[in-house]
């Protein structure tokens, strides 16, 4: 029923309220005396070298791409799992073919080295 | 008695929401203390014991201190994102428990009330959808801090959490297959009718536990923090209240994970071996099964708290027992071990369920026992055939080898002794 979503909105409001009060409250209550040295980013006590926002390993992008593919597949599995009993054998064979494709894709990534971190 | 009228629903809903919300926050504060106390006991020291009896008021003192401490915003950080990140991290952690039932339905003058903030028809999907937002807080916090440690923690967090989200989603598919729906009160009542899912879906529980430890960034998978490598990971530059918010979010996620484990696999608020609490509240306000009573609600609530507490204890216990994985081990465990094994498990379970249907066994205790037998076999296969201390090249792998190395060393040392 749609009215069940009203308490969810209430709890959204309560959580956002608590989180915002925490940030704003500590802004108001805490005293702050920034100095140039204090506000340097932490780098084990040394003066920071270079910029943080530089290029980083492309592997993270690869993982993000793989995630997009596999998460879509997980969503399809959810919908299948809920109606699994009523679909019966036909649905099972269909999803087996689907899972086979998924595993072949995963094996391809694996062989291509997209899942290796030590290279 | 029919369903609640809209007015009663809104008032009772608000009251329930406030009660559960405040209770949940108190529980989270309690867990921060429990973590320190249990850590202290495991390491044979006292832990916090100055503020109040047994240090019970320590969370309050911590909260006050964090409010009053000086906050440092590092130079070159993106101001608004830096302030927003703790909020983004804490918000999903606090709203995600809204669909978890905490006790048996409570009879009131206005109708029977479900002890849950919102009995959404989308149940588990809501939890997955909201919980996956938490990664934004970590990534934005790491990125906006303008510190290299934070940045590395942030990108690690993003890669790890999205990887294990796939594994987590796949580990929930077996439950959906057996249950055939996603609302958590329905799951609880089905477990009351048959068996707790821990028995028929044992292997699924193994996968869920592993994925949830990674999703909540707890040791052995706390790569985003990894204090021995990245200082404090994504929250290196955060101080005072914003740091506390990240910690609160972590503990709130942990409590939610524990409550979910209890609900999905251990019958939720169901009291074992007692049929007096086997009741289901239908949408039209009628109750099927046993008659609801306020003392039953209380007892089941306590039972739920005990189960959740136990899983929180497991989380803490593991943290202070198991060493941290290397990052590449974490990622390969997720992609190369958990996901393929879960796919195979889903396929095997589907086949077994179709075969049971073909045999004409109705869903119930006997059905669940057959699935239990299958799962015990699979569990043995996983532990003794698939793993064999091989897949995770961790401590277990090394334990099998030094024996041989040691004897060779001894021989070598003996020979040297002889030649001398």
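Using the three backbone atoms N, Cα and C, a Cβ is placed for every residue, glycine included.
TrEMBL assigns the feature transmembrane segment to residues B:343-361, out of the candidate ranges B:324-342, B:343-361.
Checked against TrEMBL, the range among B:227-246, B:367-386 recorded as transmembrane segment is B:367-386. For the ranges B:44-63, B:124-143, the feature annotated in TrEMBL as transmembrane segment maps to B:124-143. Sequence-distant contacts of the transmembrane segment (B:343-361) (same chain, six or more residues past either end, CB-CB distance under 8 Å): 170, 173-174, 177-178, 201, 203-204, 207, 367, 370-371, 374, 378. Within the same chain, residues 160-161, 163-164, 167-168, 170-172, 174-175, 178, 187, 220-221, 257, 260-261, 264-267, 270, 272, 315, 318, 330, 333-334, 338, 341-342, 345, 349, 363-365, 367-369, 371-372, 375-376, 378-379, 382 sit at least 6 positions outside the transmembrane segment (B:194-214) and bring their C-beta atoms closer than 8 Å to a C-beta of that stretch. Simply put, out of B:6-33, B:124-143, B:164-182, B:299-322, B:367-386, B:124-143 has the most Cβ pairs sitting under 8 Å from the transmembrane segment (B:80-104).
Between the transmembrane segment (B:251-269) and the transmembrane segment (B:367-386) there are fewer than 3 Cβ pairs closer than 8 Å, counting only residues 6 or more apart in sequence, so the two stretches are not in contact. Long-range contacts of the transmembrane segment (B:367-386) within its own chain (CB-CB distance under 8 A, at least 6 residues past either end) are made by residues 178, 194-195, 199-203, 206, 341, 345, 348-349, 352-353, 356, 361.
Residues of the same chain lying 6 or more positions beyond the ends of the transmembrane segment (B:6-33) and with a Cβ under 8 Å from any Cβ of it are 48, 55-56, 58-60, 62-63, 94, 97-98, 102, 108, 110-111, 113, 115-118, 247-248, 251-252, 254-255, 312.
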